[in-house]
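S.K.: I have a structure here, written as structure tokens, and I will follow up with some questions on it.
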Amino acid sequence: MKSTSKIYTDKDSNLDVIKGKRIAVLGYGSQGRAWAQNLRDSGLNVVVGLEREGKSWELAKSDGIIPLHTKDAVKDADIIVFLVPDMVQRTLWLESVQPYMKKGADLVFAHGFNIHYKLIEPPKDSDVYMIAPKGPGPTVREYYKAGGGVPALVAIQQDVSGTALQKALAIAKGIGATRAGVIPTTFKEETETDLFGEQVILVGGIMELMKAAFETLVEEGYQPEVAYFETINELKMLVDLVYEKGITGMLKAVSDTAKYGGMTVGKFVINEDVRKRMKEALQRIKSGKFAEEWVEEYGRGMPTVVNGLSQVQNSLEEKIGNQLKDLIQKGKPKS
């Protein structure tokens, strides 16, 4: 098992490395808004690049950030930060960034997908690096304003200048990440582990596990309302415990009956066959097969995603969950 020997913090980073450089943040969604405001509040020169004037444009202006059309934002930028969705980045790069960016400008990413799978092929004279915060944009902003920061990953793909790591850590400091800690990785590792986590546990795995457990109880004649509470709703409490105290802390917090049942039946359900399928899923990611399929799916208008979402929305567990929302919210203490 390999482990990192270095975690970068504030003492390893210096904003002076990028002071005076113009930073163009492309996109003003969850991460874009947080990054732009945090970098601005750290005393850096920030503009936002957007494809059109709309809600995001007006929001940036109301936040005190200068919005520009993407072409105008990148032409004078020393550092270009891609914070638009993965599947928009290639088109944005080809149409609005590559033809207009100045020679030698840095390219920065928050996720390695487009670089790792070569959807974007950067110029050979650009530094290319990644800062990947391990939290959503609003949390990145909230923690920064409170004097803290969200941990992040850092990776260097191209280091033409010899100072790519220093600049990456300066960006990390600018968004508050070095207050918590920044872990070195690679574009390959970040991309493959991120996709794997989404597919086998965070989205795909947990969704199908909840669905299968709920349907098993309902098929055996149990009330769907009771099944929903036991297989879906209570998950939040357990995840919160793991988040706050780790798996050991969660186990200590549940009943002895739950501990024994979990430790014996858990391995029966998540058995060697499941682990084998997880490895198969990982191989699809590593080989580029998943990326190839996803690019094709996106180009066809995402029919699998659209149909899948419709099925979930019309499922019994979703209908029961919607019916129980008022009951669940009713018991929450008023703040």
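Here the Cβ of each residue, glycine as well, is placed from N, Cα and C on the backbone.
Just so it is clear, the model here is predicted, and its values are computed rather than measured.
Grabbed the feature section from Swiss-Prot, which reads as follows:
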ACT_SITE  H111  active site
BINDING   D194, E230, E234  Mg(2+) 2 binding site
BINDING   S255  substrate binding site
DOMAIN    186-331  domain 'KARI C-terminal knotted'
S.K.: For E230 (Mg(2+) 2 binding site), what is the secondary structure state per DSSP, taken as helix, strand or coil?
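M.R.: It is helical.
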S.K.: Among the recorded positions H111, S255, whose Cβ has the fewest other Cβ atoms within 10 Å?
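M.R.: Checked H111, S255; of these recorded positions, fewest Cβ neighbours within 10 Å: S255.
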S.K.: Expressed to the nearest Å, what is the distance separating E234 (Mg(2+) 2 binding site) and the residue listed as 'substrate binding site' at their Cα atoms?
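M.R.: Given the Cα positions, E234 (Mg(2+) 2 binding site) is 14 Å from the residue listed as 'substrate binding site'.
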S.K.: Counting other Cβ atoms within 10 Å, pick out the least crowded of the binding-site residues D194, E230, E234.
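M.R.: Per-residue Cβ counts within 10 Å for the binding-site residues D194, E230, E234 bottom out at E234.
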S.K.: Could you tell me the mean pLDDT the prediction assigns to the domain 'KARI C-terminal knotted' (186-331)?
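M.R.: Here the predicted model's pLDDT, averaged over the domain 'KARI C-terminal knotted' (186-331), is 96.
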S.K.: So how many of the residues in the domain 'KARI C-terminal knotted' (186-331) end up helix, strand or coil by DSSP?
M.R.: 128 helix, 0 strand, 18 coil
S.K.: Counting distance between Cα atoms, which of the binding-site residues D194, E230, S255 is nearest the residue listed as 'active site'?
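M.R.: With Cα distances computed to the residue listed as 'active site', the winner among D194, E230, S255 is D194.
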S.K.: I'm trying to understand the geometry here, so how far is the Cα atom of E230 (Mg(2+) 2 binding site) from the Cα atom of S255 (substrate binding site), in Å to the nearest whole number?
M.R.: 15
S.K.: Reported as an integer number of Å, what is the Cα distance between S255 (substrate binding site) and D194 (Mg(2+) 2 binding site)?
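M.R.: Their Cα atoms are separated by 33 Å.
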